[in-house]
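Copied over from TrEMBL:
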| type | residues | note |
| --- | --- | --- |
| COMPBIAS | 158-172 | compositional bias 'Basic and acidic residues' |
| DOMAIN | 147-245 | domain 'Cadherin' |
| DOMAIN | 246-363 | domain 'Cadherin' |
| DOMAIN | 364-477 | domain 'Cadherin' |
| DOMAIN | 478-585 | domain 'Cadherin' |
| DOMAIN | 584-697 | domain 'Cadherin' |
| REGION | 156-178 | region 'Disordered' |
| SIGNAL | 1-22 | signal peptide |
Amino acid sequence: MQPTTPLVLCVLLSQVLQLTSAEDLDCTPGFQRKLFHINQPAEFIEDQAILNLTFSDCKGNDKLHYEVSSPYFKVNNDGSLVALRNVTAVGKTLFVHAQTPHAEDMAELVIVGGKDIRGSLQDIFKFERTSPVPRQKRSIVVSPILIPENQRQPFPRDVGKVVDSDRPEGSKFRLTGKGVDQEPKGIFRINENTGSVSVTRNLDRETIATYQLLVETIDVNGRTLEGPVPLEVIVIDQNDNRPIFQEGPYIGHVMEGSPTGTTVMRMTAFDADDPATDNALLRYNIRQQTPDRPSPNMFYIDPEKGDIVTVVSPALLDRETLENPKYELIIEAQDMAGLDVGLTGTATATIMIDDKNDHSPKFTKKEFQATVEEGAVGVIVNLTVEDKDDPTTGAWRAAYTIINGNPGQSFEIHTNPQTNEGMLSVVKPLDYEISAFHTLLIKVENEDPLVPDVSYGPSSTATVHITVLDVNEGPVFHPDPMMVTKQEHISVGSVLLTVNATDPDSLQHQTIRYSVYKDPAGWLNINPINGTVDTTAVLDRESPFVHNSVYTALFLAIDSGNPPATGTGTLLITLEDVNDNAPFIYPTVAEVCDDAKNLSVVILGASDKDLHPNTDPFKFEIHKPTVPDKVWKISKINNTHALVSLLQNLNKANYHLPIMVTDSGKPPMTNITDLRVQVCSCKNSKVDCNTAGAPHFSTTAVLLLSFFSLARL
């Protein structure tokens, strides 16, 4: 039976090369042997051959180049695999990549007994070794093409070849898909006659990791003869990305005295390389610690997880004894599982040693002294304390309490937020004559509670001795204010009262003299020796110096001290009203038309400066001796108002009408006031009072004004 001739796409992996038999090609490019097994030695010795590899591109192996997956090995020109240095663990598998301008292939070395460092190359390239695909007549059989990223010139370069000896004459190969005729276009192409697949530029796995292409054969008219068949191009990762710390700034906190092994924080970096390879397998270490005291190794970082933990004893992690409670660590992340050939990235971790309240505040001395003048208030002494804890925390901030010696609550103590001192103040004036000395017992605590193994001791209490200084205090009036009630218009020289002032300085036996300090109306006099107050003028309740019937005056009491001290007393005189003011009327001018049908002239109101009952009801009358009868009339409206009206029309002129108003006082007071009435000419809605010599007010307007005044009362 004649063997069928398949359409074969040559690729890098051994599985694919096994698809082509000797009867198809006289020479098969690639490694003659793809898979090797060796036992894990105690150590791979430098320059000692491990095995020999045989590779052929069927064209003389011009410019043959080998690459090994581990940086600790190389392949010599004769195909021998050797170690570059003495090394023990390299993993379970090594891969060797061979390449010429015409072909490339990969061989696998399985190390029996080796420790697994990372997944196999099958995981990296995302396909598994499979059995050879059965050959079918006129079927396109393809396997993934593997191309390392970041290849250098020259381009284009062949990465595979389609072989079909029974291909109809005139037929061509066609390649399609993203990377060929779809964006990004032009990366791959196929020789339509020979079937060679080539790449036109270097690839970046971090941009595109795989390309899914389609290969087929077509006739001269472009019709498909075979296919299309999927062709996957896998970009082999190279270690071309450094680890990057993306989440900074990195700040951690740990409490002072924390146990060894306390986790402070976690730092992790990102590597853009293939996470299934050692290219993205990171290891962490601390490159530098600042400061380096009390130990250059205060912290440790888990090389795989990135957890930073304390490694010193709790005693060394004492914030109060540290040179600086802030540490800066330079953290390095290295790929290739931390091997020397791995790329690195660094970041700074800042670690703060947080304070706990393990030191109680202590007074700088057991006793404090203070002096204060009697009668004064304010801060008299600042109590100083020491506390080794962090000044920015409640473990340092002090709270003071007076625990003895303050029964009258004359003292208070507050904390100065800047200095932490206790500001002791007098809030109620002290009296030397009552007590010249005071002794206070004061305790200090922190805002935050102390840790369980620390307590407040004797140094957390202090005694304050306060000496009160005697000063010459001014005399004090009793009572103050002094109040007296008198009728206005009492006789000049009448005695109102005798004031009384005493000197608080009872031990000094001083004399007191009196004087007038403020007497707005000039009505009063005081005897400087005995304090008797009498009048020097008539007291008038209606005076502008009297408010709400009360007159206010101030007196001084001056002692005989050196210098003399003065006290001030207030006298409030309530003045009782007498009927000493006659009432008065308003308004005093009115006008009326000479032909008015309504003979009402004006509504009069009356007022009186006195108080009830010396005011209304008022009595309104026309003073008849000077007024003709049967012309004017006045009528009572209420207790305070009356209506003036005419009994007949008058000629245009000015008239003077005497109005007599009398209050209800006992005895009553009467006042006579002329009401000037202007009789005006009122024609065609115009009021003419010129002849009368009066303002141009109509009678109606005057009546409205009067009713308005009435309504307000």
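Residue numbering: from 1, along the chain as shown.
Cβ atoms are placed via backbone N, Cα and C, with glycine included.
No curator has checked TrEMBL annotations; they are predicted automatically.
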Number of helical, extended and coil residues in the domain 'Cadherin' (478-585), per DSSP: 0 helix, 50 strand, 58 coil
Segment-level pLDDT (mean, integer) for the domain 'Cadherin' (147-245): 89
Residues in the domain 'Cadherin' (246-363) grouped by DSSP into helix, strand and remaining coil: 6 helix, 48 strand, 64 coil
